[in-house]
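S.K.: Below you'll find the structure I mean.
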């Protein structure tokens with residue numbers, strides 16, 4: 001069988017099984033099914049408002065359903081699991097069957113529609129829509145819609161988020177089709193967004209190295225050492241530290257005073273300025289000695305003459 005025909009065959013088989021359950025389990029509150037084919041057989045999960053009625057006394061009803069699925073629909077080793085619906089008012093199939101039964105019992109369509117959609121919204125649904133089509137009143141068919149909240153009609157969210165169900169009400173004038181769409185409370189819509197507040201960044205604190213016990217013992221050891229030291233030694237150490245600080249302060253003050261006396265920025269030490277004066281004095285003394293020697297020589301020459 002080609003792939004296209006296989007898809008058509010599987011879809012048709014699934015629709016036929018769904019219609020079978022809807023007719024067979026209408027009084028039990030049929031709420032839909034899930035079919036999964038595995039190598040061990042076909043796994044079917046039924047959702048019902050009253051699971052006890054689906055199973056039957058001693059499992060009689062569930063065995064009958066299993067035999068029918070295997071013989072009429074050709075399913076290999078069907079395994080049926082029944083689950084109870086937590087909130088029937090949020091299951092579109094159950095709501096559609098209830099509304100169809102209310103119309104068959106003689107409820108006015110507007111009262112039935114508004115009452116049903118109000119119960120859906122009170123259960124926490126984000127949105128709901130009910131469509132009644134057929135001979136609602138009179139001989140002419142028409143369409144009546146009831147809307148509440150937010151509903152998606154197309155796109156991927158309409159298939160994955162919206163829960164839909166259909167029902168049929170058989171009236172004297174003709175049939176009325178019932179279509180129900182519900183968006184459950186936990187649905188995440190694609191256009192929803194959330195604004196987060198700014199996160200306060202805390203200062204980075206380095207984690208201390210070592211075990212917790214070692215970190216707790218370290219302060220105790222330091223305190224023990226300080227307590228065990230002699231008071232006299234502690235006083236001597238303090239006085240020595242104070243004396244060193246005083247000497248350092250005096251040196252700083254002396255240096256500042258010298259700088260103020262010598263000028264803003266001395267380029268050479270004081271000894272370097274005195275050296276040229278000493279050289280000049282030596283030259284003057286040498287010249288004076290030479291003059292004295294010349295004068296003595298002149299006097300000696302005069303005496304000889």
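Even glycines carry a Cβ here, placed using N, Cα and C.
So Swiss-Prot lists these for the protein:
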type	residues	note
COMPBIAS	207-262	compositional bias 'Acidic residues'
COMPBIAS	272-305	compositional bias 'Acidic residues'
DOMAIN	17-86	domain 'KH type-2'
REGION	207-305	region 'Disordered'
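For the listed features, I'd like the structural context: burial, neighbours, distances.
M.R.: Counted with DSSP, the domain 'KH type-2' (17-86) comes out as 29 helix, 24 strand, 17 coil.
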S.K.: For the domain 'KH type-2' (17-86), what is the mean per-residue pLDDT, to the nearest integer?
M.R.: 88
